[in-house]
Amino acid sequence: MAWDVLSIIGTIAFAVSGAIVAMEEEYDLFGVYLLGIVTAFGGGAIRNLLIGVPVSALWEQEMMFQIALIAITAVFLFPQNLLKHWNRWGNFFDAIGLSAFAIQGALFAVQLNLPISATVVAAVLTGSGGGIVRDVLAKRKPLVLRNEIYAVWAAVTGLVIGVGLVASDVSLYILFLITTALRVVSYMKKWRLPFRTLQQTEKTA
Amino acid sequence: MAWDVLSIIGTIAFAVSGAIVAMEEEYDLFGVYLLGIVTAFGGGAIRNLLIGVPVSALWEQEMMFQIALIAITAVFLFPQNLLKHWNRWGNFFDAIGLSAFAIQGALFAVQLNLPISATVVAAVLTGSGGGIVRDVLAKRKPLVLRNEIYAVWAAVTGLVIGVGLVASDVSLYILFLITTALRVVSYMKKWRLPFRTLQQTEKTA
Amino acid sequence: MAWDVLSIIGTIAFAVSGAIVAMEEEYDLFGVYLLGIVTAFGGGAIRNLLIGVPVSALWEQEMMFQIALIAITAVFLFPQNLLKHWNRWGNFFDAIGLSAFAIQGALFAVQLNLPISATVVAAVLTGSGGGIVRDVLAKRKPLVLRNEIYAVWAAVTGLVIGVGLVASDVSLYILFLITTALRVVSYMKKWRLPFRTLQQTEKTA
């Protein structure tokens, strides 16, 4: 039950972030809906594909789909009013989505008896795959690949679940709180992963 | 039978549009074929994936594949002669493809007893998914997401079929004519969907 | 056995090329791993999807996955030392990967009794699909679509296997050597496919 509430918050946050990116790129109403839906459900679709769940299982989430459509419509109709709050609360909601979806994705992989690597990939894709597709469709460099620490928290969550450290309901909730908190702190403190710069050679094929 | 003819027209129109984009981007002969094929068949592949039909069902369309290859070869060999006609007739052929593929995609979803949302998504993806992949591979912002009214007509077609308003053969042909006409008028009158501009904040993750 | 060694060389070459592109784009450590993995395994994933093998079969390649992770880690830790050698040997290793993966992909399609067109597409995607996804995620125009002759050698390999010209183990090894050599020569001599330039019209939808 509580997971359902967290999934709803995450779905709204992801759908809204897709709609905002579409409006920033001057996409039309159709583009706003498409980017919102892709951001909310794209990660789960790619995860299903990679771990062997039928992608069409998405259609059982009818209610989530309607919630996402309502959220996108609201953002399109009242952008100024809502975005004021979004700038304050958006990253918090988004962190809830990242955390809840990563746990849900990792549990999917565990149920299928897949190896630990699959658990990690399922957590990462469920948490951040939608945002990657969103950025590609907006012709942007995927934010997840270069900014603050984001998907790594999903990966760590997947690893913790994959090695079997966490299984009971209570411990999953604790894991959820820790992952959410780490993502929020990463954002507020602008924590970044190490990176290296190479001069571009245009040689790689 | 008539649907086969319409599908052939649509396949040629989509393959040619992919080949043209590839030439505009100075892609080489391989890129021209790949973009042509992806535009013609990519939408159907993604639709199959999302509604649960095996993607490999594509290989049963051997004849369509050969028609697309011939069309791409012709455009590459005689661009000047053919593009003169394309500028006049291209959007008309493309509208036929959009309309025929949207109906075909929606009927697929109906046969699988999927919900209305799936019917709409199947119509949209079959009609415009190939063009989206084409634009991503050409490093362009997908035209469908920001210009004239295009994919929305596919969505409306999917909705009309999904709610069961149209089922008989005759009414499907009427729906085809209406959708094609609406797309052609959208193009000629430059009808656009509403859109909103947001200042880019680079804050969404 | 020998094919295993060739697959390992190819996996390392593809993973390293993904990691290099990520560092050139200033992606962070997570982006480096993700682009490396996607380049090494993305082509096989798309091929599986298109020819009807479960994409989740990827998870049986646990060892390849670990080899790729080690290679990416090494490039990230010691870029200067390793890239010196990469500039000399990288394209040679990459050619081995292209050739070995194209043969492996084509054999997959033959085992499934798919038509020749599927054999060609399977060879091309296994050999070059990962590089295309890598470039899209790095917001680059896919190199494969416009530079030296690359994927065409995979297509030719797929065609030769598809029409049944080559079946015995010995002849597959000879095909491997020829494909690798042709790719290396294409690179060294900067062979290019024909291409045509069209003035961009922004009219195609």
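For all residues, glycine too, the Cβ spot is worked out from N, Cα and C.
Remember, predicted model here, so these are calculated numbers, not experimental data.
Under the heading domain 'Glycine transporter', TrEMBL lists A:5-78 (among others).
Feature annotation from TrEMBL assigns domain 'Glycine transporter' to A:92-161 (among others).
Marked as transmembrane segment by TrEMBL: A:6-23 (among others).
According to TrEMBL, the transmembrane segment annotation covers A:30-51 (among others).
According to TrEMBL, the transmembrane segment annotation covers A:63-79 (among others).
The feature transmembrane segment is assigned by TrEMBL to A:91-110 (among others).
Residues or ranges marked as transmembrane segment by TrEMBL: A:116-137 (among others).
Within the chain, the transmembrane segment (A:149-166) has long-range Cβ neighbours (under 8 A, six or more residues past its boundaries) at 98-99, 101-103, 105-107, 109-110, 116, 118-124, 126-128, 143, 172, 174-175, 179, 182-183, 186, 191-193. Taken from TrEMBL, the feature transmembrane segment applies to A:149-166 (among others).
Sequence annotations record features per position, and here TrEMBL assigns transmembrane segment to A:172-188 (among others).
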(request) Let me know the model's mean pLDDT on the domain 'Glycine transporter' (A:5-78). (result) 92
(request) Sort out the residues at least 6 away from either end of the transmembrane segment (A:116-137), same chain, that have Cβ-Cβ distances under 8 Å to it, and list them. (result) 14, 17-18, 21, 34-35, 38-47, 50-51, 97-99, 101-106, 108-110, 143-145, 150-151, 153-155, 157-159, 161-163
(message) Under 8 Å between C-beta atoms and at least six residues away from its ends: which parts of the chain pack against the transmembrane segment (A:172-188)?
(response) 2, 6, 91-92, 94-96, 98-100, 102-103, 148-150, 153-154, 156-157, 160-161, 166
(request) List the helix, strand and coil residue totals of the domain 'Glycine transporter' (A:92-161) as derived from DSSP. (result) 56 helix, 0 strand, 14 coil
